[in-house]
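Chemist: Pasting a structure here, questions to come.
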Amino acid sequence: MAASSAYAASLPAAPDWLNKGDNAWQLTAATLVGIQSMPGLVVLYGSIVKKKWAVNSAFMALYAYASSLLVWVLVGFRMAFGERLLPFWGKAGVALSQDYLVRRAALSATAHGDTPRTEPFYPEATLVLFQFEFAAITLVLLAGSVLGRMNIKAWMAFTPLWLLFSYTVGAFSLWGGGFLYHWGVIDYSGGYVIHLSSGVAGFTAAYWVGPRLKSDRERFSPNNILLMIAGGGLLWMGWAGFNGGAPYAANIAASVAVLNTNVSAATSLLTWTCLDVIFFGKPSVIGAVQGMMTGLVCITPGAGLVQTWAAVIMGMFAGSVPWFTMMILHKKSALLMRVDDTLAVFHTHAVAGLLGGILTGLLATPTLLRIESPVPGLRGAFYGGGIGQVGKQLAGAAFVVAWNVAVTSLILLVIGLVIPLRMPDEELMIGDDAAHGEEAYALWGDGEKFDATRHDAARVGGGGGGGGIMEREGSVGQRLSGMGARGVTIQL
């Protein structure tokens, strides 16, 4: 009897408007996007950098994720998806109370003229969680531009401010019912809101923070390529939730989006790898991961809006255009050479996101747009939308770029008045141990001198007569240190 009552027609925990399938899929999609950040990008960042920056890079991603959640539920969510305050901003408010979180989700500002209000068939709490994962990963992606030198205290101050004053503006303008949403700029799942924003803001932050040490810029080999692949794999698989959750329902658009996402990523990875072989003679594993990333980013603005043959075309562009800007154009541009964008976030996210937005303006089909977008009359240029849709895509991108450059600059200039944005050179020489007092690997190497005070047996081995090997290694190390010997460089 108790089991059957759980499936009654109407229950307090399952009101008439609740679609259990949609709710289950949206929570699953949110979890998949969360896995992209935690542990996906945490692992990717901790392994793709030089050994001495593994802990700091992973922690920057970890901190951004945690700090974003509190800001999001306190004020951020309703600034991005609440009632309209300005054409580009929603009214701030908390998303913490029971009455607010258990009611049916609704984006009130999306209603305008012939455009109906967006009302998913699940509670507001589900929407708050799903959109938080998007907000958090945007900041984590941004961090990739400033790894290896940004003062961790400055980063701790930067993340909540950027979320409030930059991310919420893009999200409301394009998704929450702002002026770009009603004008008809298409951004299915974050090509502009997430990737163009993080790429431009990251490049701007890299400019103001300053470069890494010269030695780090010249040699910044990954400390663990296998873990880098594992982190990249989590990112790829998690993108099923990233693009599959964008329709706010377990519907046809979600299915098309997930398939297109994988097709574009695979095509882009293969295109990038072929270009590496043609021009450099051998395939690069790092390059393959970058190609995978650009394919995922490029399809995001139109994943559920284009046909699968179009996803192949978008993947080919995604694997070639960012490759060209990174490998060729970058070396010819004084500005790109001057700004130290550690993980090339500008190329893999800003360039690929903009490219995807433009291609979506060309290739989005009216049939899929009717299923997914509540804004009437949208269609790609190849389906009768004309050059006007491409113009809207470019104008929307221009707004996102301008806002992120201005706001990111202002935030960092203000923080710089109180906290140095860049770590001192003497700390940059050390890395993780200077920033956190911790190191990723218990290995002596990378060319540094053996420091008996840091590697003494008392720190690494037990006391008494049980020291064994650790005690003998310590005594040998001390004798070598006194003779001026240097450690052996270990390539991980």
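Cβ from N, Cα, C; glycine included.
Below are the features I grabbed from TrEMBL:
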- 24-441: domain 'Ammonium transporter AmtB-like' (DOMAIN)
- 24-46: transmembrane segment (TRANSMEM)
- 58-81: transmembrane segment (TRANSMEM)
- 128-148: transmembrane segment (TRANSMEM)
- 160-183: transmembrane segment (TRANSMEM)
- 189-210: transmembrane segment (TRANSMEM)
- 222-242: transmembrane segment (TRANSMEM)
- 248-272: transmembrane segment (TRANSMEM)
- 284-303: transmembrane segment (TRANSMEM)
- 309-329: transmembrane segment (TRANSMEM)
- 350-369: transmembrane segment (TRANSMEM)
- 394-419: transmembrane segment (TRANSMEM)
Chemist: Are there three or more C-beta pairs under 8 angstroms joining the transmembrane segment (394-419) and the transmembrane segment (128-148), sequence spacing 6 or more?
Modeler: no
Chemist: Restricting to the same chain and to residues at least six past its boundaries, which positions have a Cβ under 8 Å from a Cβ of the transmembrane segment (160-183)?
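Modeler: For the transmembrane segment (160-183), the list is 67-68, 71-72, 75-76, 79-82, 84, 87-90, 107-113, 115, 118, 131, 134-135, 138-139, 142, 192-193, 197, 201, 375, 392, 396, 399-400, 403-404, 407-408, 411, 415.
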Chemist: Mind checking which residues of the chain, 6+ beyond the ends of the transmembrane segment (309-329), have their Cβ under 8 Å from one of its Cβ atoms?
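Modeler: Same-chain contacts beyond the flanks: 259-261, 263-272, 275, 279, 287, 290-291, 294-295, 297-299, 302-303, 336, 344, 347-348, 351-352, 355-356, 359, 363.
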Chemist: Counting only residues 6+ away from its ends, which parts of the chain sit with a Cβ under 8 Å from the transmembrane segment (284-303)?
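Modeler: Result: 48, 186-192, 194-195, 222, 225, 228-229, 232, 235-236, 239, 242-243, 246, 256-258, 260-261, 263-273, 276, 310-311, 314-315, 317-319, 322-323, 326, 344, 347-349, 351-353, 355-357, 359-360, 363-364.
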Chemist: Same-chain Cβ contacts of the transmembrane segment (189-210) under 8 Å, 6 or more residues past its ends?
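Modeler: Long-range Cβ neighbours of the transmembrane segment (189-210): 134, 137-139, 141-146, 149-150, 154, 158, 162, 166-167, 170-171, 174-175, 242-243, 245-246, 257, 297-298, 300-304, 338-342, 345-354, 356-357, 360, 396-397, 400-401, 404-405, 407-409, 412-413, 416, 421-422.
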Chemist: Averaged across the domain 'Ammonium transporter AmtB-like' (24-441), what pLDDT does the model get? Just tell me the whole number, please.
Modeler: 94
